[in-house]
Amino acid sequence: DGCGHTVLGPESGTLASINYPRTSPNSTVCEWEIRVKPGQRVQLKFGDFDIDDSDSCHSSYLRVHNGIGPNRTEIGKYCGFDFQMDGLITSKSNEVTVQFMSGIHTSGRGFLAAYSTTDKSDLITCLDNASHFSEPEFNKYCPAGCVIPFADISGTIPHGYRDSSSLCMAGVHAGVVSNTLGGQINVVISKGIPYYEGSLANNVTSKVGPLSTSLFTFKTSGCYGTLGMESGVIPDSHITSSSILEWPNQTGQVNIWKPENARLKRIGPPWAAFISDEHQWLQIDLNKEKKITGIITTGSTLAEHYYYVSAYRILYSDDAQKWTVYREPGTGKDKIFQGNTELYQEVRNNFIPPITARFFRINPLKWHQKIAMKVELLGCQFSLGRAPKITLPPPPQNKNDEKNADFKDEFVHSVKTSLQTDKTTFTPEIKNTTVTPSVTKDVALAAVLVPVLVMVFTTLILILVCAWHWRNRKKKAEGTYDLPYWDRAGWWKGMKQFFPTKSAEHEETPVRYSSSEISHLRPREVPTMLQTQSAEYAQPLVGGIVGTLHQRSTFKPEEGKEASYADLDPYNSPIQEVYHAYAEPLPVTGPEYATPIIMDMSSHPSTPLGAPSISTFKAAGNPAPPLVGTCNKLLSRTDSASSAQALYDIPKGQPGPGSADQLVYQVPQSVAHPTVSKDE
């Protein structure tokens, strides 16, 4: 009566003392007889060992024997609190006896151990978790029987499991290994997540878990894609059932819960059987033979109809006539799958080994109120490689026909045997796909060519962008002091025709500024309006005084043909003239014209009240030197009114420069006749 949790599989298993991990009762005993295939040996590994050793292993101990029965020989006798056993205990044959004796004691958890054949060198126990290993990826062998009530897991696939979860128990939950057989797991460690979901799968309940520093997932074959119930790939005509529930609602409308309603996550009612007994079934035709690795079920998903199936069997067939019940591997008994515990939660069950069939049938065995469910199948395509054509050698032409016939039969039999032995189906490592693609040379070639082409095109685009950017910068650097296209004389001449025409008299009449208009301005506004500081080029007055549609140049160009942009030949001209963007320079020869600039000295602190406005005109003198790459100042100011009076005419109708009744200036005289005044 001292036996606790026990699962003895054909190649591995798990055993524990009674009440583990709590204190075992006094005066109990248990023996486990372990057998594996002949020719193999057994190895034993302890996950926890805590047996009272107060009497030096006299009444409480664990003893391991080679063999079974009276001829067994002792390998070792063990006891101790938190005893750490280094390495594995290995038998000399394929049979081992483990004996646990519990005497009078007050403490001690007992033990938990795992066993396997000696070819599983990476054996772990059901208590090992990811934090026990430092490698980012590793392979371990899980024994059978790791669905234990005293271990917890948090998480689910594909998000991962918390690092404190039992590796083997999480492997059963994920459908990687079987609880009755055990198996190999390939674990990958990665960074943890803030929240771990809980779910029910393969009779293992995963709990909700908090944040952890790391998590682990499993590498699988990838044959876990949906097969078309939810997506609609499987047509309605391929979903049938033993019976259909029909019932009228309060309005008299008949509700029919047809088998095609049994699609997972489909809004609306599920499939429900008219009669609730163990002879009902839901059948799915996959159209061709496929590899089925799992199933997901829910209840009715309707709050007002609390129906679900809590247990069921699985049957499969190739012709829908002869059906095979899915059995527990290693036991030969029909496997009963745990279904739903309520109507909303999705419950997953995996088939290890997988089912290969075209027709799939679910047979409910237990239910709540009525048989109702929604379903999705997991798996991938199943295809067999073509067998090579058998070519028989030509029979020799002699009298030994019977011997040749025997040789022929033996040859065909040997070829068939080798074909059946070598026939394998490879499934690529692709997760969550309904179709398993075949890996060919074209795929491998494309995997190499696509990145290369992307890199080449990216490089070409970068080169073109850099060349375009360099060309623009070069143009910008070469034309820093050049006149923009819209400000060239040729362009302006072409645009004049779009403006209102002026009379010849208006074109010849100089611009006049009336002192009465200026007198309306405040003294402090005149300096603001008129530029008093010296500049390289005189700027035109802008305001409402001159009512023209376009802004005139402050310098009058030389009479004759205006130079257009097209007339400039940057390749034939040895010397390029530099133009300013604001005004055209004065010509080398010919009369000089300038718009008078009025300066109000009345607001200047050093000038007495009533002082006249000073006119600044460029004095006549030697012609300006030609412009060769530099800009000469074209405008100079006089230091006093007297100098301006000496070089330019007195305003008409004024006694002297001090009068400011009407300040009207005439156009200055030509350079050739500086002393002659022109009267109107």
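Placement of Cβ uses the backbone N, Cα and C atoms for every residue, glycine included.
The disulfide bond recorded by TrEMBL for CYS30 joins it to CYS3 [selected from CYS3, CYS79].
Cβ-based neighbour count (10 Å, all protein chains) for CYS3 (disulfide bond) stands at 15. Under DSSP, the residues of the domain 'CUB' (3-118) split into helix, strand and coil as follows: 0 helix, 61 strand, 55 coil. Across the domain 'LCCL' (120-216), the DSSP tally of helix, strand and coil residues reads 11 helix, 38 strand, 48 coil. Under 8 Å, Cβ to Cβ, and six or more positions away along its own chain, CYS30 (disulfide bond) finds ASP1, GLY2, CYS3, GLY4, SER17, ILE18, GLN99, PHE100.
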